[in-house]
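Here's the structure we're looking at; comments come further down.
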Amino acid sequence: MTTDSMLQLRPRRRQDLRLGPGTLRGTTVTHPVLDPVTGGRYELRPKEFFVLSSLDGTATLGEVGEAYAVRFGVRLGERNWQQLLVLLHGRGLLVADHPNAQRPPAARPVAAAADEAGEPADRPSNLLAGRTRMVADADAFIEGVHRRTGFARSRAFLTALLVVTAAMLADLGLHGGLLAHDLRELAHRPVLVLAVGVVLWVSLGLHEVAHGLVGRAYGGRVTEIGLRWRLPVTYLYCLVRDMAFFSRRGHQVATVLAGPATNLVFLLPFWAGWLLVPRTGPAHYALGGLLLLGVATAAGNLVPLPPLDGYKTLGYLTGTSRLAADSRVFLRLAVAGWFGRGPGTAGYSGRTRWVYGVYGVFNALVTAALAGGLLAGAGLWLAGRYGTATGFLPLIVVVAALALRRLGMAARAKREALAAHRSAA
């Protein structure tokens with residue numbers, strides 16, 4: 001086949017493929033591609049993705065090449081086209097030339113290697129950390145709830161809900177002192193504290209269901225609903241797959257924010273009860289404490305620290321897939337570059353430097369402040385209860401834990417180097 005005849009070809013990508021927007025990972029932008037038949041998931045660089053998305057069966061390779069040259073400033077030669085077509089066809093992303101063509105086997109699911117919290121999906125559970133499913137068929141459960149709640153997705157209903165929720169937040173803001181008083185009174189009533197805790201747990205369950213419902217509405221799949229623990233913390237979770245393939249980032253953000261929004265909506269009937277019951281009774285204390293804790297839970301979940309919803313929202317808004325980890329790498333490279341050790345951040349674009357730099361500094365400062373506050377609080381409590389010397393115990397424990405972790409990492413690196421040396425020999 002001559003070059004001219006090849007440029008007249010009109011290959012077509014499979015119409016059932018799901019193509020996702022570009023996501024920044026370190027210094028590289030990748031686009032996810034999902035084969036819904038084989039389950040194969042691929043990550044394409046911008047140039048490869050541009051070609052695939054342009055192959056609609058109407059444009060010739062020559063026309064796609066012209067658009068490619070305008071977009072990237074370089075032209076594709078015959079050998080480039082051959083390599084690209086072999087790559088795309090070999091992955092089964094193009095329509096087969098004849099009906100009996102064999103489809104390649106499914107690819108390794110690179111986009112599903114970790115869950116929404118960034119943890120490996122196959123990590124075994126143990127006493128200290130793990131997870132367990134609480135719904136046998138999460139997708140069928142969400143599908144059933146989705147069918148029964150169609151009225152709640154109408155614009156009129158959502159607008160009314162937004163107005164009433166805003167009114168509740170405004171009223172609670174005006175009565176912050178009264179809510180704090182109710183919470184203090186609640187703390188002296190263990191039975192009511194337990195009841196409020198149960199209600200908040202139900203709210204967290206609805207929070208996760210909301211993630212699944214909104215994700216399902218935008219084309220996601222709910223694969224798990226269950227309980228995750230990292231002692232001493234336990235929490236419910238809902239895994240919504242294929243969010244990377246949502247057509248708009250706004251849909252991804254809406255899926256994440258549906259959880260905190262549901263926490264606030266859940267408080268509406270309790271707000272009405274709080275307004276109606278006498279202010280000096282236990283019912284008012286319980287409802288006021290519940291309202292304050294519920295709003296604090298929703299607001300705290302919006303803090304942009306992993307694995308909170310605020311962090312996931314910021315990741316989708318900035319188009320990054322591992323914002324916290326990549327920001328730490330960026331800061332390490334920047335510090336090393338300042339001391340003349342390595343190229344620094346020369347490989348990062350201007351926008352990427354701004355995103356990673358600002359978030360990296362923010363994350364470091366907030367984490368240090370939280371850790372310092374916890375250490376100081378624990379130290380003051382111990383010092384006041386058991387003597388001044390015990391106030392240093394939290395700091396000593398943390399330093400010892402960090403030292404042991406460092407020694408463990410060094411020992412592991414030594415073992416891996418020794419194993420590599422033996423295998424090479």
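Every residue gets a Cβ built from N, Cα and C, even glycine.
Keep in mind that TrEMBL annotations are predicted by a computer and have not been checked by a curator.
As annotated by TrEMBL, compositional bias 'Low complexity' applies to 100-115. Annotation source TrEMBL lists region 'Disordered' at 1-30, 100-126. What TrEMBL records for 156-174, 186-206, 253-277, 283-303, 356-380, 386-404 is transmembrane segment.
The list of residues near the transmembrane segment (156-174) in space but at least 6 beyond its ends in sequence, with Cβ under 8 angstroms from a Cβ of it, reads 261, 264-265, 267-268, 271, 275, 291-292, 295. Using a Cβ-Cβ cut-off under 8 Å and counting only residues 6 or more beyond its ends in the same chain, the transmembrane segment (186-206) has close neighbours at 235-236, 262-263, 266-267, 270, 282, 285-286, 288-290, 293-294, 297. Here the region 'Disordered' (1-30) has, by DSSP, the following mix of helix, strand and coil residues: 5 helix, 10 strand, 15 coil.
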